[in-house]
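Participant: Dropping the structure in here first, questions after.
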Amino acid sequence: MAMVTGGWGGPGGDTNGVDKAGGYPRAAEDDSASPPGAASDAEPGDEERPGLQVDCVVCGDKSSGKHYGVFTCEGCKSFFKRSIRRNLSYTCRSNRDCQIDQHHRNQCQYCRLKKCFRVGMRKEAVQRGRIPHSLPGAVAASSGSPPGSALAAVASGGDLFPGQPVSELIAQLLRAEPYPAAAGRFGAGGGAAGAVLGIDNVCELAARLLFSTVEWARHAPFFPELPVADQVALLRLSWSELFVLNAAQAALPLHTAPLLAAAGLHAAPMAAERAVAFMDQVRAFQEQVDKLGRLQVDSAEYGCLKAIALFTPDACGLSDPAHVESLQEKAQVALTEYVRAQYPSQPQRFGRLLLRLPALRAVPASLISQLFFMRLVGKTPIETLIRDMLLSGSTFNWPYGSGQ
């Protein structure tokens, strides 16, 4: 049996949202009585050949044709269509591995929808949201427009391209962004494009980026509803990855010399071996920022990547790691569908984006603290500041101020 609520379902397996309404489970709807003569969603040319018995790949009942990419019965076709069109999410009452066959298909809607996605039913093929084979040109970097300008309408609730609304999750992530306005301000603060920032500018912009990181998280979808202890745990674990993503998104003009000066290395020389290791880490940081820049990641993709990094179920002390994992999966599904729709000529793009996340973890949080915040906070742990920023909200005062 499964609870049901409005939300984002997704094709990544266990991607159905957790019921936040806390309501009682609805009686499972029996789709076996779906009228065979109902409006057909079968794909042209995919009907069964006469005399050929094909079973539904979801429940094993006799299929009525190919629906949304695979052969299914009328019941599973109708269930999938209803789930997608109504934007339903389900919750499994068992272990998310319920048996789905002709006799048990109505007992757990969560596992039934999960199996629909697993066998290849395509969410985008549901007629209301069918994605055309050719789409307008990609936004932001691909179109040559200024970063974020093509997404301004989305951030205010508009569509990214005619007839193809961006998912509500991405729209909310964009509304939570302190960019693109902040990105322009950071760039302007450093003078002409490509100019080398001084030590004070590096520290000031780093403070703004960290403050913006926490502000983004505070307004990100689902995050405010989590227990405060969970919010702190998630940010303490992911802040360094979010910082690197924000540095790349803001196109922060970083160069080695001011970074080393900001870290205080000129004033306190270190042993040769340690200096070499430190320089390797500095180069690793700059390399990650550069790679994100070369990928020309747009604002929607940055929002999804940051949500995936933020909702890490491995954080210590979480009250419900499975729920956090489901939120991470929602962001991953949103990124999958967005990239598939927006960049159809780049089939490897999603994989390349996702591979950036484990690479970001190779940049130690201690390195970022020493590079950017040593002059600002001394030996105070950044994690302590993040907790204070999260709990204080916009009333938190940096030495440099977040609004300068």
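For all residues, glycine too, the Cβ spot is worked out from N, Cα and C.
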Participant: Looking at phosphoserine as annotated by Swiss-Prot, pick the matching residue from S83, S142, S167.
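Facilitator: Of the listed residues, Swiss-Prot records phosphoserine for S83.
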Participant: Among S40, S89, S326, find the residue to which Swiss-Prot assigns the annotation phosphoserine.
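Facilitator: The phosphoserine feature in Swiss-Prot corresponds to S40.
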Participant: When secondary structure is assigned with DSSP, how many helix, strand and coil residues does the DNA-binding region (53-128) contain?
Facilitator: 27 helix, 13 strand, 36 coil
